[in-house]
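Reviewing the structure listed below.
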Amino acid sequence: MSRFETQFATLNAKNEGAFVPFVTLCDPTFDRSFEIICTLVDNGADALELGFPFSDPLLDGPVIQAANNRALTAGHSSEDSLKLLEKVRSKYPEIPISLLLCANLIFAKGLDAFYQRCAEVGVDAVLVADIPLLAKGDYVQTAKKHGIQPVFICPPNADEKTIQGVAKNSEGYTYLVSRAGVTSAENQAHAANLDTLVEKLKAHNAPPILQGFGIAQPEQVKEALSLGTAGAISGSATVKIIERNLDNHEQCLAELAEFVQTMKAATK
């Protein structure tokens with residue numbers, strides 16, 4: 001079994017959902033980012049979703065765009081992010097790790113070379129945010145060749161064909177988007193049809209569903225689980241803690257620890 005499959009099986013046995021924080025790698029620096037990620041795992045994160053710094057992110061709202069800019073301004077490259085991933089994997093051999101990134105970052109390195117490096121540093125899954133199902137072919141094939149699980153997004157306006165395609169092609173987990181738009185901790189409105197989408201994804205045997213976008217409070221984690229999802233992903237709310245504590249790293253780590261503990265408690 002993959003790390004994601006093992007983790008979901010473990011959580012199911014305990015009747016728990018998954019809490020998965022997102023942060024941008026190398027934000028604000030390589031060393032601080034490593035300490036931040038360690039804090040997330042040590043305080044209860046069930047898996048990690050991590051982003052590479054990129055100057056033109058597709059789905060990212062202002063909070064995560066600012067995180068990208070901080071890492072880029074500090075001079076960090078995609079190779080730095082890969083080295084950081086390797087360091088994280090070395091310390092945490094069991095934690096499932098997924099990447100959320102844009103296709104240009106993969107193109108820059110070359111499809112085969114990128115997925116090969118992901119495998120070398122211990123990445124489990126990759127979600128390419130701007131690759132539609134219709135263009136999935138080479139990505140899915142190359143990912144699987146290197147033992148990387150491809151993940152796809154199910155948008156709130158997905159039709160039957162899209163739902164079926166997402167369910168069929170996703171491995172590890174399925175990313176259910178709460179609403180249209182970009183990531184934000186402020187916009188916590190969710191589409192009204194999420195329960196129907198969850199039912200349909202399950203009917204097509206989709207891998208465990210994680211709900212993302214606008215997950216900032218424990219109540220929203222509980223709400224996601226009540227819809228039948230396997231857990232929730234929180235990006236902007238996590239990164240906002242980093243943003244407001246740039247001048248006080250110890251305070252940043254303390255707030256992140258409390259946040260993860262609180263969000264994880266909501267999965268039980």
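Cβ atoms here come from the backbone N, Cα and C positions, even for glycine.
What you see is a predicted model, and the numbers here were worked out from it, not measured in a lab.
Feature list (source: Swiss-Prot):
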ACT_SITE  GLU49  active site, proton acceptor
ACT_SITE  ASP60  active site, proton acceptor
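Taken residue by residue with DSSP, GLU49 (active site, proton acceptor) is part of a strand. In sequence order, VAL20, PRO21, PHE22, SER98, LEU99, LEU100, LEU127, GLY212, ILE233, GLY235 are the residues near GLU49 (active site, proton acceptor), counting only same-chain partners six or more apart with C-beta under 8 A.
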